[in-house]
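K.L.:
Dropping a structure here in structure tokens format, bear with me for questions.
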Amino acid sequence: MDLRDFYLLAALIACLRLDSAVAQELIYTIREELPENVPIGNIPKDLNISHINAATGTSASLVYRLVSKAGDAPLVKVSSTTGEIFTTSNRIDREKLCAGASYAEENECFFELEVVILPNDFFRLIKIKIIVKDTNDNAPMFPSPVINISIPENTLINSRFPIPSATDPDTGFNGVQHYELLNGQSVFGLDIVETPEGEKWPQLIVQQNLDREQKDTYVMKIKVEDGGTPQKSSTAILQVTVSDVNDNRPVFKESQVEVHIPENAPVGTSVIQLHATDADIGSNAEIRYIFGAQVAPATKRFFALNNTTGLITVQRSLDREETAIHKVTVLASDGSSTPARATVTINVTDVNDNPPNIDLRYIISPINGTVYLSEKDPVNTKIALITVSDKDTDVNGKVICFIEREVPFHLKAVYDNQYLLETSSLLDYEGTKEFSFKIVASDSGKPSLNQTALVRVKLEDENDNPPIFSQPVIELSVSENNRRGLYLTTISATDEDSGKNADIVYQLGPNASFFDLDRKTGVLTASRVFDREEQERFIFTVTARDNGTPPLQSQAAVIVTVLDENDNSPKFTHNHFQFFVSENLPKYSTVGVITVTDADAGENKAVTLSILNDNENFVLDPFSGVIKSNVSFDREQQSSYTFDVKAVDGGQPPRSSTAKVTINVMDVNDNSPVVIYPPSNTSFKLVPLSAIPGSVVAEVFAVDIDTGMNAELKYTIVSGNSKGLFRIDPVTGNITLEEKPNPSDVGLHRLVVNISDLGYPKSLHTLVLVFLYVNDTAGNASHIYDLIRRTMETPLDRNIGDSSQPYQNEDYLTIMIAIVAGAMVVIVVIFVTVLVRCRHASRFKAAQRSKQGAEWMSPNQENKQNKKKKRKKRKSPKSSLLNFVTIEESKPDDAVHEPINGTISLPAELEEQSIGRFDWGTAPPTTFKPNSPDLAKHYKSASPQSAFHLKPDTPVSVKKHHVIQELPLDNTFVGGCDTLSKRSSTSSDHFSASECSSQGGFKTKGPLHTRQFVFPIAG
């Protein structure tokens, strides 16, 4: 049978396989002594294994792995990718593999191996049996190169004498097949006797009579040959010695004997007593027992034979597992040429003297006896194939296998005596890093014997745990003004992994520029100096990241609170506070609020205020900063108050700062205009007929001791100019001639001039009478004064020419009536024209002045409505002229001013000419609570201020108080600029901003064409 036949036979046997889901079996037949890399079989082809996953339909990459024992030299190898089986460099020697065994058939020498198919989804355990066929690689050999045989001389022809058989480790045809006697000298021949066991025993045949005296020794050669191809042979020298005759041989009672002896029989135990008899007598009857030549040397070591008695005893401890049956051939010889032969079969019975054997072969190769698994390996990961066996038999050889204690591993039976060691649950390195357990194999003998195998499994860490901070939020506090590099805390995180997976590095997140963090130790230090006033709290994150693959990380929030130190003095919002109050503000009213801040915190920012140098004119609340007056204000007596304020914080030591406070008293319109010129209400001016239009014919001049707009005056002719012959400048008070007088204008003219200021909240007024006498000369002055006295009986709202009493010569009466009639027409036209122009100018100026007034704010004045108007330095006229004038105050909602005495009414143009009047009602109302800490923000500081100029021709509205001031006969009033205008030292009072155009007094003659008003604008 050639090698191809063996492969075909192996393929047929491979069809007989076990369940493909768990285990399968293949049988291959090979010859011994094959060279390396000779293919034996193909596992996937022989088992028809598909590489397609039935569940997913995808192609899988299968891995074939030979299960081997640590330290074994494998006789075959398996390709991990193709599953092909090949021979290795380790030659397969059948005689060595099956040494000491006796086989009846050629296929009885084999070895087994296991192959696993991975991964787990395709797992299979393939059990492979490889039968090793014999090759004629050994020559048959005799026991000794020289064989001595003694033959009696009286031996009959054709007598047979046994020759020691040759042995050949090969079997079958490769074993001993043929003996040949060389150089037999025709005296001896050779015959071969085949025993029932198939052994061939050579026998020497005597073919001629022997005569010891002629020749006592014959030397020949015997050749033995096997049946192999090529044939192998060997020879030995056969030396025959011719001896004397003993013609009876011993005879055994039983030629075939079988006995049983336990394997634990002690040395010296009798096995059997053999007995043979000999019919001869004397020395020829003396029987000597010896082992036959076919008895194996090993058997002779276990048993002893008494040469005299034939008793076989145990001379060495027996082991059934080593040799269960011993066959002993005993020869009984009396010295004759043919001894008696008896065959004794000794059966060694089993005793439970062998513990089970555990054959542990790893699927996952161990390192120094330890299997390394990853904690992410799935359940049922195969670790090792365990084969248990027991050399004992029957009950003593029945073995069970189990794991000694509870571990995440189990044994899965695949054959009667084989188990797979697998993981039974998911592994967790952080729970248990190493497992050491015993696999126990126990037999069923009495007493039971067991064997253990230690398995060590170490888990390899996987980076499956992120670092964990002991606190998710870390709160710290540090005082400001620290030193750089100040230690704050140590940030610590733990990682349940190990090795580099547990090596943690720390990293600061954004918004952490004020800090340094040691990446290894987690020590947090301050990299800068903290200033609580700049930043009181820092919130940032710290990241802890391990060095695993991929790395895992976690974060913690860090909150650093900066503690305050008293390193900031109180700070006023202004170095110089300026407040503006009305002079009519009641005592104990709030005049302002001091605002002070301290950038520190807690007690360090608790500020207490105090006044340093005020003479108790003001009271300062030490906590709210509210300043209240302790005096009644009179701007004409004192226009401003200045003192220092000190702020002290509550720190240790305390810190302080000071600021300057100025209280500016704003003017209130509490003084009426005072007429300076004309000197009296009975004086007159001569207007010659030759006077040209535009020339100044008279002057009216008055002063107001208030300031600012309260001192600005407006001159208006309210009566006596029905012909429109005269015009008064509203600013300078100069009366000019509008047209050249004609004869009809000759006579006395009485002009009622209203002088009003532009004060707030109410304007004050004064009326003055101006008499103009139109004529070329004024020769009879007494007549003129008489006319003046007579006009006092005429109401002020009527022209003196309307009186029934003749003030002129009768010659002029008719002419005057005509002139007046014509003049009235002209006056009406002029009046309408002037009225229209004044309305446009008034609206423009009022809007401009309202815008300027809206820029000003002042503290809330308490009980302003209930404060009565101060009346200072006002003298009632002592003249009887007051009998004709009644001072009345018109209602605010009156459409037209009421007449002065019921008969005089202000002309409509006075109501229309209001563009120069400061409209306080248009200013946005502002109310400040005295206890508001931000009140000071609404007061103007002493910073440089812009100014705007009010043009001198700005019309001024008529006020609601009317009075005729009786002037002295001689103008004796002399006043300086200081008397007329009291200015604030800070120039911030918009009521005190007027400037004088002359020094030492007022000009009573000549026009006053320009007056400048300076208004501070809030910066």
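Each residue, glycine too, has its Cβ placed from N, Cα and C.
TrEMBL: automatically predicted annotations, no manual curation.
Okay, these came from TrEMBL:
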SIGNAL    1-23  signal peptide
DOMAIN    33-142  domain 'Cadherin'
DOMAIN    143-252  domain 'Cadherin'
DOMAIN    253-358  domain 'Cadherin'
DOMAIN    365-469  domain 'Cadherin'
DOMAIN    470-572  domain 'Cadherin'
DOMAIN    573-675  domain 'Cadherin'
DOMAIN    687-785  domain 'Cadherin'
TRANSMEM  812-836  transmembrane segment
REGION    849-882  region 'Disordered'
COMPBIAS  866-877  compositional bias 'Basic residues'
K.L.:
What is the three-state DSSP composition of the domain 'Cadherin' (253-358), stated as helix, strand and coil residue counts?
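P.N.:
For that range the per-state counts are 10 helix, 45 strand, 51 coil.
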K.L.:
Where does the mean pLDDT land for the domain 'Cadherin' (33-142)?
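P.N.:
Averaged over the domain 'Cadherin' (33-142), per-residue pLDDT gives 83.
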K.L.:
For a three-state summary based on DSSP, what are the helix, strand and coil counts in the domain 'Cadherin' (365-469)?
P.N.:
4 helix, 55 strand, 46 coil
K.L.:
Taking helix as H, G and I and strand as E and B in DSSP, count the residues of the domain 'Cadherin' (143-252) in helix, strand and coil.
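P.N.:
Tallied per class, the domain 'Cadherin' (143-252) gives 3 helix, 55 strand, 52 coil.
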K.L.:
Over the span of the domain 'Cadherin' (33-142), count residues by DSSP class, listing helix, strand and coil in order.
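P.N.:
Grouping H, G, I as helix and E, B as strand yields 14 helix, 39 strand, 57 coil.
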